Amino acid sequence: MTLEGSKVEPLHGYAYDSVWAAAIALTQVMKAVKLREKYGVQTNSSEEELQRKLLEALKHTHFQGVTGPVFFRNGERMASIELLQFQGSGGVPVGDFNTSSQQLRVTDHLLRFKGPAAARDRTLVLEQGLHVGLLMFGIVSSAAALTIIITLTFLLFTLIHRTHACAGCLEELLLLGLLLCSSSVMVSGLDGASLSPHVFQTLCSVRLWILSLGHTVVLAVLFVRCWGLYSLHSTKPPHQRRRSSVCVLLCFLLMDAFLLSTWQILDPLRREELQHGEQSVSSEQDVVIRPFSETCSSTNMELWTIALCGYKAPLMGLGCFVAWSIRGTEVIRGSEVSRRSEVIRRSEVSSFSLTLTMFSLTLFSVAGAAASLLTTHNPSLHFCLHSAIILCCNICILSLMFTPQLRFWKVCVKNSEQQKPSETQIETAEEEEEEEKEEEEEKEEEDEGEEEEEEEDDKKLLIRFNQQLKSHTAQLDADIETLTLQLRDSEPRLQHAALNNGRARCVRWSHAAQVCSEDGHSGGKPSSPDSINSLEHVQRRLSVQLPILHLSYLPGGVSASSSSTFQQDHFLFP
């Protein structure tokens, strides 16, 4: 139905069909509401409930309209859509699309496009991977290979000139740690451009293990060296200090291995694409480049990184404190030199170099961790900066710890070349050594004969001296017997004089065997009983002096410890 004078357009039919669809849906909703008010318990309906019923009614609406059958599915009308392409001044039908069957039919020979291809219906997004450049990888790998060769050279010289002590083992462990760190540089440059995703994911774990174990070994060796010098004044014997050093090394390695194993089992590293900001291309319209980079990550990457750095940071801080404490002490590098054994000192390094090495390792470690976190968006910058920090740290440690040893080896080589004799000098030296050996043997034989003669003379002298002592002892025994008989003859008279006198005497013994009276009178006659030269006093002096005189002529004399024996009472009389 149209009004007079009005123009008929194709869209009028669609408007008519839409009005009929809305009317049919509203009619169905009103019927449902009236039935509910008449027979239902709840008479009122909310707006949300009415909207839901209206949508359900539209889904079930189906009638034949002006523009064809009208029904809805998935929120849209099912119909056949004609496709028109504007060519010149008008539209040309080039196909149709059936919404009910989801089929598109295009007439190719009717399509016309300017340019080599069809026009884009949306912005084209090109994904571009960011990889390490081949030139940069070659330069950094060459530097890493040179560092590895230098480290292997030092390791070879250390094995050749090593001794039986423990410090040589520490040097070898330090060089092995540096080798692991340098090897991680070459592994970290490989990415998804040259490797498959599975191999790249495996290299993620290998790279982490190599770098972490190498860093732990270097840190443990430097910490043990600093702590060994710090504890030189302890009371522990050397073997206990050596055992404690081995325990510290094992603790460091076990802690690192336990943490890495737990990380690998619970949350292994996987390949992950890190998307970066889109970049438009000025040469082409509707083209955007979306760069991405491949990285190794896990679900709880931040937690594991904090745990790994959390136990190493206090150890590096403690190592710096110990290194600063020993900065003014001299340390013998190489083997531990025992005081009782003669061992050649291979090289000497000041503790100041050891302090610089510990501080350098700490600073480079902090710088490497910061660079890894801040440059993840740019793989080339990340690889270059990270590798430069590792290689600079390795070269710094080699120069500080092994340059004095290299100088010492150079001096030894010069001395050996200067002192290298010719063939004639070797022959003359051998002849001189043989002559010296013969002369020494002759001298030894002469010395042995002279020693035997001297021993025989000494024996003869001792025998003669012993005979003289025996004869002298016999003569003294005869004199003692004579004096004893004389004293016995004079004893009754002395006792009778003592009884008649009726006075008590006190005797005071000294080393001179002197006798004094109790009353202190010394004015008596020499022959009187009170006189010091009386017979009683003489008898008593002889009774003490004769045994001492007799024993003093014994071979070897009498020891001073036996002198107190002669002050006892049983030596007063024979």
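Cβ coordinates are placed from backbone N, Cα and C, and glycine is handled just like the others.
Annotated features, as they stand in TrEMBL:
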COMPBIAS  428-457  compositional bias 'Acidic residues'
DOMAIN    202-406  domain 'G-protein coupled receptors family 3 profile'
REGION    420-458  region 'Disordered'
TRANSMEM  134-160  transmembrane segment
TRANSMEM  172-190  transmembrane segment
TRANSMEM  210-232  transmembrane segment
TRANSMEM  244-266  transmembrane segment
TRANSMEM  303-326  transmembrane segment
TRANSMEM  349-374  transmembrane segment
TRANSMEM  380-402  transmembrane segment
Please give the average pLDDT for the domain 'G-protein coupled receptors family 3 profile' (202-406) in this predicted model.
-> 81
Cβ under 8 Å to the transmembrane segment (380-402), counting only same-chain residues 6 or more beyond its ends: which ones?
-> 130-133, 136-137, 140, 143-144, 147, 150-151, 154, 171, 174, 178, 181-182, 184-185, 188-189, 211, 218, 333, 349, 353-354, 356-357, 360-361, 364-365, 367-368, 371-372
Contact ranking winner - 210-232, 244-266, 303-326 against the transmembrane segment (172-190), Cβ under 8 Å | 210-232
